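Have a look at the structure below, then the notes.
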Amino acid sequence: MIIKNEVKKLKQITKRLIGIICVLSVFAVFISGCERKSQLTKYEAQFLDLFDTVTTIVGYEESEEDFKQKVEQLQKELETYHELYNIYDTYKGINNIKTINDNAGIKPVKVDKRIIELLERAIELYDLTDGKVNIAYGSVLAIWHDYRTNGINSPEHAKLPTMNELNQASKHTDIKKVKIDKEKATVYLEDKKMSLDVGAIGKGYAVERVGNYAKQIGMKKALISVGGNICAIGTRDDETSWRVGLQNPDMDSQQAYVLKVKLEDKSFVTSGNYQRYYVVNGKKYHHIINPDTKMPANYCASVSVLSSYSGTADALSTALYNMPVEKGKAMIEKMENTEAVWIKNDGTIEYSAGFQDYIAE
């Protein structure tokens, strides 16, 4: 996992360009050694500076130049979403999530429709998951973020936030106080101490929209991965499904991936305890906070969701991580075209009823 500070360091030593390079361990793509001959060639590209993680794009195109041109367009599109959904930085001429937070309790903020669309999807998923994913939980998540950052930068001084801090902050997380006026294209937070954090859905929703854009510009066989958010467009060049590796959350294991998943016009998103954490008194505390306890959830090591919509899969992976496996299974079984896989803390694997249809040999 590349966190914000690490990305900034990488930027200092890495030119911002698109390279045709090998896929790193953000995800693994498994390609058959006997693909049929075609006029299309497989290319891969990466860049490091959006959504504080690595973006990898794999695609089949007629030429390297065609691929580069399309990747440049996708990078620009993804950068727009990165700026709109950013909660830490402001950008000239753009009202983003941070702008909304900065004006909490002060005034409505006129925003791009892509912010309103994101927030509306997030509110729907809040209702669907019984509040297990809440974009209005920013005041609590900000406390954990600060403690985690301090703990990473100064491990010897790492400590946990107090329950009093968390309880006080949780008083300002009522999603009903997020007021959206679609006609005026404004968003207003009624509580001046509340703030939005779209980390549980923003990246996935951006990947979903960029995946749609990729189709619009003519990409028919591609994979887009932004951190743990993977979107498959079409098939591989031999008309078989893409194969994607599900990472083993046990980072000490010799087995990097626990299984391979078949993807075709689907998204696959993973949330796990190994991705972003800090250590206090020898114990790891990760970044997925359960709204019920205000502490990192501990029901499993990772949850991955397969869906037609990356934004929905992103939010659901967080929600499922914040509930017992059996409860999560029951929720998934009620949803169409959605499957999930859990890797439990002891390494055992649980699937939703239809997930095994997507497991590759």
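Glycine too: its Cβ is placed from the backbone N, Cα and C atoms.
Automated prediction, rather than curation, is the source of TrEMBL annotations.
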Which of A169, A185, A200 belongs with D314, T318 in the Mg(2+) site listed by TrEMBL: A200
Stretch-averaged pLDDT - the coiled coil (57-84): 98
Sorted by sequence, non-A200, D314, T318 residues with Cβ within 8 Å of centre, Mg(2+): V133, G199, I201, G204, V269, S271, A315, L316, S317, A319
Among D314, T318 [binding-site residues], residue with fewest other Cβ within 10 Å: T318
C-beta crowding around A200 (Mg(2+) binding site), within 10 angstroms: 29
